[in-house]
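The next block holds one structure in the form of structure tokens; read it before the comments.
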Amino acid sequence: MYRAYTGTQVRAAEKVWLDSGWGASLMRRAAWGLAQHTLVFLHTRGRVYGSRVLGLVGKGNNGGDTLWALSFLASRGVAVAAVAINTEAEHLHADGFAAFKRAGGRVVNRINPDTAVVLDGVFGTGFHGSFDLPGYLADHELHIPVGAGVVACDIPSGIDADTGQITGTALAAHLTVTFGANKVGLLAGAGGQHSGDIHVVDIGIQTTLDAVEDPWFVPMAADILSVYQTPVWDVHKYSRGALSVCAGSEQYPGAAVLVVNAAEATGVGYVSLVADPLNDTSVSDKVLTANPQAVVENQVTDKATALVIGPGLGDTAGDKDSASSALETALRRNIPLLIDASGLDMLDESTLAQDLSATVLTPHVGELSRLIDRLAPDLTETTPVEQAHSFAQRFGVWMVLKSADTYVFSPAGRRAVHPAKTSELATAGTGDTLAGILGAGMSTLDPNHQDFSDQLFAVLAAGVRLHSRAGELAAADGGVVVSTLADYIRTAKQR
Ligand SMILES: NC(=O)C1=CN([C@@H]2O[C@H](COP(=O)(O)OP(=O)(O)OC[C@H]3O[C@@H](n4cnc5c(N)ncnc54)[C@H](O)[C@@H]3O)[C@@H](O)[C@H]2O)[C@@H](O)CC1
């Protein structure tokens, strides 16, 4: 996993250096990095010498970076110009503007149609509230040529660097050159859809960022390998994880099939479906047809090392009794427990008062909202991401929030974000698949291990990445069909 930071955290880290007189150096390093990446970008799109680059420049330090970068580009034979946005030229960053003019830069109020690259340097991490940059450009007849590339300085203007929210509108960048570290606003929410390729420029504040106690973590492909790889040779079926699954009903038998298929594809030693075969075989027949190796048991047995409960559960009295007993057993035995979908409706004050340090809730945004209405109506946070973070800490429970992006929150407030990679996973049944993947990973953990919390965090974040990677592979292969997603899990584990 790599670390990403909120804009606020990066600004705080920068301040340490600014207060000791390093401001000008930091800006020059940032601008140098922006210029170098812009040169490479120009090169891939055609020529550098004689090409035109125009800066959209605001009055703050983000504009200052951009003006300095334009001055560096001019020294490589690029024709540079700038438009002052939402301010007058005399209010632009003084040193940056002086360097820009020394380099032969011109302030203009039209965009030359031959412009190859537009640098977006209107707002950076100092942005707050709302701004409509595309609207501003249209109002001032500043038309970005159709073929021009857009390179954002630090962050596309108008994105909240803490959250990725865009309250107004923003220009979508082909490339964002960001400073110090990757920012959550470039990865999450709408911000993630506007930042294009991201390049991080080291401006010399790394030691300060390393000391930040609550960064965000972002899972990578390498985490799938390290967490979900096939174990060493001296294992047996139970030590590889024995997952109990309490899912499916006469009405929704497919949910249980999807959970079990995904768990098997992820790699688990033993899967047991909790069902009463004497009562109703509609679920167990389907699970056994798809997975003959699965076992049907009428309770969570002592062999189980984790339980997934909730997907597709029915609402008959028998279904509810069986699910309550499974939930109670898992909590009493303190095995890792994943509660999804209708299982979330089983939570009440008394469940939430128990030790939930090995329990993971996996709501989507609608389910989270219902959970909060029912069990924490006094939460003051307003966005689902903040609410899930707060809910996890209040009740000492793990949360995996499923939205376009997926978020992981630990009871101690540790947090990970997996940015949306494909919208193809927004389809019924993918949540059941995720539950199966995470359940398989959780079944290998021992809640009494001293590193359990770190291990569970890694299992959840890497599992979310694995699920997404499977979706990406399926999408590239013609589209996600949930019943075959498990096949792509196997492939995703190997790459
Ligand atoms: N000072 C330094 O040494 C460094 C600065 N850096 C750059 O500085 C940027 C941050 O610079 P600033 O703090 O000057 O802030 P910005 O350049 O992001 O914003 C500039 C101005 O816009 C105003 N503003 C904010 N929201 C607005 C809105 N909705 N409508 C209209 N005006 C609005 C702010 O009040 C501020 O005066 C970073 O993103 C980065 O590009 C980095 O290069 C690192 C080093």
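Even glycines carry a Cβ here, placed using N, Cα and C.
Keep in mind that TrEMBL annotations are predicted by a computer and have not been checked by a curator.
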Besides LYS402, SER403, ALA404, ASP405, THR406, which of GLY413, GLY429, GLY431 does TrEMBL list for that AMP site? GLY431
What is the nearest of the binding-site residues ALA255, HIS364, ASP432 to ASP405 (AMP binding site), using the Cα of each? HIS364
For ALA404 (AMP binding site), just count the other CB atoms lying within 10 A of its CB, please. 16
Sorted by sequence, non-ALA255, GLY312, HIS364, ASP432 residues with Cβ within 8 Å of centre, (6S)-NADPHX: ALA247, TYR252, LEU258, VAL259, GLY310, PRO311, ASP340, ALA341, ALA428, GLY429, GLY431, ALA435
Cα distance (Å, whole number) from ALA255 ((6S)-NADPHX binding site) to GLY431 (AMP binding site): 9
Cα of LYS402 (AMP binding site) to Cα of HIS364 ((6S)-NADPHX binding site), in Å and rounded, measures 4
Those same-chain residues, other than LYS402, SER403, ALA404, ASP405, THR406, GLY431, found with Cβ within 8 Å of the centroid of the AMP-site Cβ atoms are HIS364, VAL365, LEU401, TYR407, ALA420
